[in-house]
Amino acid sequence: MARTPSIDGIARRDFLNGLLIAAGGAVSRSVSACAFAGGTCDGPIGLDPRALRGGNLPSVFAVSHWLRDGRLTFEKGSVSLAPGCDESAGTFPILDTNGSFDVIVIGGGLSGLSAAHHLLRERPQARLLILEAAPVLGGNAGRDDAPPLPGPASTAGAYGAAPSADWLRQFYRAIDVDWLAQSVPGPESSFYFDEFAPGLGAGARGWNIDTFEHGAAHLPYDARLREDFARAFAAIRALGEKGLAEPADESDPTLDDLSSVSLAQHLETALGCDAIVSRFFTAYTLTAFGGTAEQVNAHSAITFLSSELTRGSVFTYPGGTSEIARRISRQLAQSETPPRFETNATALRIETTARGASVVYFQDGRFHRIFGERIILAAPAQSARHLVAHLSDAARNTAWTQFHAAPLVTANVTLRCAAPLLQLGLGYSQSWWGGRHFVNYIVADWMSDKRAAPQRQTTLTFYGGCDAPLGALAEARMRLMHTPFSDYEDSLRSDLSRLMRGADFDFDRDVRALFLYRWGHSMLRPPPGFLFGATRGASGKLDRAQAPRRIACAPMGPIVFAGQHVEGTPSIESAIGSGRRAAQQALETAPR
């Protein structure tokens, strides 16, 4: 799609779940996104299908909500759509597809692609179908590379952690991912301290470079607080070395109790740190989990942070985790029996049969039905729960209510040149406090051999955060959709003007493009009591089998589950691991 300039020379685009909903002047006039709703029930879904990068077509968005709202009734050969808040209603035929598959994977994100990889590794001649609702594969592992962006930039997933398990190392080697070569060079994480930072007042101002490493001794606090930070950093690293792992089920069970308390509780109670330390880490947990240090369990947060605090443990590519999805897709296409891919195909119904299960999906304005001996349901939790609700007992349906996904806003901001970043000595990731919508940005081309070139164009990928209570996440999603583009732009303008103090930077002169991405269900938030549940056995230890995710995602006859939610944390390691687990479960019961 051609660049859409505005009168001030800044190209602007606004995406919802990956779909372009406005461009150029339409966003620069401070038009609320809800103005682009186009007759839909829940707000904007977008009108322009030309610039899809990994989100939903308008029809797909609408159909998904028909399922959510219970408007669909399935008969043997037809689907009835009850009247609702849009103009769609009636009875439509289901078109049966000839033939069948050994396995149907519903969802073409990292978990579904991983499941396909592990299946074909064991059964190279298996007939495999992957249904993906979006027009491209990858799910949250998406990228944007549209002009005037100078190169690929992530729209959600940013990076991964160096693998600690043999199976994950083997997986990365199989798809030609060299995590050592792609290890993020320092400085990795820097924080901006001013009057908005925890525990600081007016007058404090400036960057602390490479905060988790060289900058730790120079944090702008008194000796007592610096000791608290040093103790927290050391304890997090030690717990990582002791046996915390991703996926979480591979962690040392003696550490399970960390999942019962929040990160803030652990820091303040177990380690005796000041609450300022917890508030400091909230700048990280907001972007990693969609929640504050008080809202996220300590086990998940410390597992993530142990990689952040260990030099060489984080790796990435230009375009973030989208490169991993692309490499899996290429490997699958070159396999002995390549899978069949159906994109723009939204699964709506699964019915079990004596020989497997059938799937009804919507594609190109029609309902289709296909049969598979096994189904791997690798759709996000908010979709998966509706697809199996009619097959589930009360315990499973109750368990699904314990899954919570926070909304996320991200933005790609292209700079005329990288000189201001070099003048300030900044590195890969920058965080701060006091922003209206955003709390972090990464430098999209940090892995380039030109990262030290001051005159290169570069893109900063900004991440927002959601601190809404669990019961208010739906309301937060609506705020995300209805907040005007201009409000997000004003937030970015304010943030950059503050963060670039001391450098030769002018927003109007130096910003060439501003692309916004609104993700309604993005970050799986794992609160205390979710990861391993709250049920204890006779020994007093947590019974992992009673965790909500284990109950909700237990195999259902021919149906097995994959997705970050199956493993309990929003990481690529959880996504990949869940695909491996699902493939193993499908193979255990599949006919030979």
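Quick reminder: no glycine exception, Cβ is built from N, Cα and C everywhere.
According to TrEMBL, the domain 'Amine oxidase' annotation covers 110-586.
In the three-state DSSP assignment, the secondary structure recorded for Glu132 (FAD binding site) is coil. If you take the C-beta of Glu132 (FAD binding site) and look for same-chain residues 6 or more apart in sequence within under 8 angstroms, you find Gly107, Gly108, Gly109, Gly112, Phe341, Glu342, Thr343, Asn344, Ala345. Under the heading FAD binding site, TrEMBL lists Ser111, Glu132, Ala133.
Ser111 (FAD binding site) counts 33 other C-beta atoms within 10 Å of its own C-beta, drawing on all protein chains shown. Highlighted in sequence order, Val105, Ile106, Gly107, Gly108, Gly109, Gly112, Ile130, Leu131, Ala134, Leu137, Gly139, Ala378, Ala379 have their Cβ within 8 Å of the centre of the Cβ atoms of Ser111, Glu132, Ala133, the residues recorded for FAD, and are not part of that set. Largest CA to CA distance in the FAD binding set (Ser111, Glu132, Ala133): 14 Å, whole number. If you take every residue in the domain 'Amine oxidase' (110-586) and average the pLDDT, you get 96.
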